[in-house]
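S.K.: Before I ask anything, here is the structure I am working with.
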Amino acid sequence: MQLDSAAGVSKPWRLRPQVSFDNSHVEEASQAEMGDMSVPDNDFGETQSQAQQQRCDSEDSERRRSAIRRHSSILLSSYITSMGSEEEEGSWQPSQTKKARLGRVLKSRQCETVIAIIILFNFVLMYLDADARAAGQKPAKWQMISTSACYWVFVVEFAIRTFVEGRQAFTSRWHQLDLCVVVSGFVEQLLQWIDFDSRRTGGIISVLRCCRLLRLVRIVRHLNHMRELTRLLEMTGSCARTLFWAFLVMGFLMTTWAILAVEVVRPVVIELAEIHNQWVDCERCQRSFSSVFEANLTLFQTIVA
């Protein structure tokens, strides 16, 4: 209520007229503005994704470049190390290619066959040398030269094999046998050159000459490509073990019978020889059972003969 200042009468409030605004054009404008604003948002998203993709690509390329640099540095360091080791070892160690070539030559069938022929030729020379010395004659000059040549061929082969295989060569039984052959031949030639006719060295030289026969064993090594020969030697080796035990058992049984013969047969043999004058012209018959050893010989001769 409002009082009129002039009349003093209260008057009601006058309501102001409500004005309605049409917001349709405002909403349309806002939607238009929002539509205009949406395009830059899409452009911004695409730009951001492209930037992220570029960053990923740059990171990948950077990782690849770093990996390439690391690999290059590793290769360079290994190359420098290998060059340094070659410079350090090159003054006294030959290249591995030379060793490989020499190894292939030694293990080839042609080289093995040539060495086997030389071993057989050396065997013929040993045969002629033994006959000449038994007849009290000196071997011919060509025989001595050929024997020395065969020996030096063995020395060269031994040196090359040692050079190719290194320290591992001495772990082989064949190489140890070659070493014995080379050393015995060297000592023999040295003693012959110093004092061939001396009595003090005569026995030693005879033993060293017997060591030449070890060269024949080497032919098995150089003819290993012959399957029949290798198989025959393998069977001979297996039979040798069987024969060893067979001879051992046979010796045990024969010794047992020899002891019985000495205890039982020996008194009868003595009685027949002394009283009845038996086996007067046979000295071996009288002492055939005089001891266990003689009884063993008698039984062995009886069984084998």
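Note that the numbers count up from 1, one per residue, in the order the chain is shown.
Using N, Cα and C of the backbone, Cβ positions are placed for all residues, glycine too.
Heads up, TrEMBL stuff is auto-annotated, nobody curated it.
For 45-54, the entry in TrEMBL reads compositional bias 'Polar residues'. Under the heading compositional bias 'Basic and acidic residues', TrEMBL lists 56-65. Marked as domain 'Ion transport' by TrEMBL: 111-303. Sequence annotations record features per position, and here TrEMBL assigns region 'Disordered' to 1-66. Per TrEMBL, the feature transmembrane segment maps to 111-130, 142-164, 243-262.
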S.K.: Any residues 6+ beyond the ends of the transmembrane segment (111-130) with a Cβ under 8 Å from its own?
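M.R.: Residues 105, 139-140, 143, 146-147, 150, 153-154, 157, 209, 212-213, 215-216, 218-219, 222-225.
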S.K.: Which value does the mean pLDDT take for the domain 'Ion transport' (111-303) in this predicted structure?
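M.R.: Taking every residue of the domain 'Ion transport' (111-303) together, the mean pLDDT is 81.
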S.K.: Count up the helix, strand and coil residues in the compositional bias 'Basic and acidic residues' (56-65) according to DSSP, in that order.
M.R.: 10 helix, 0 strand, 0 coil
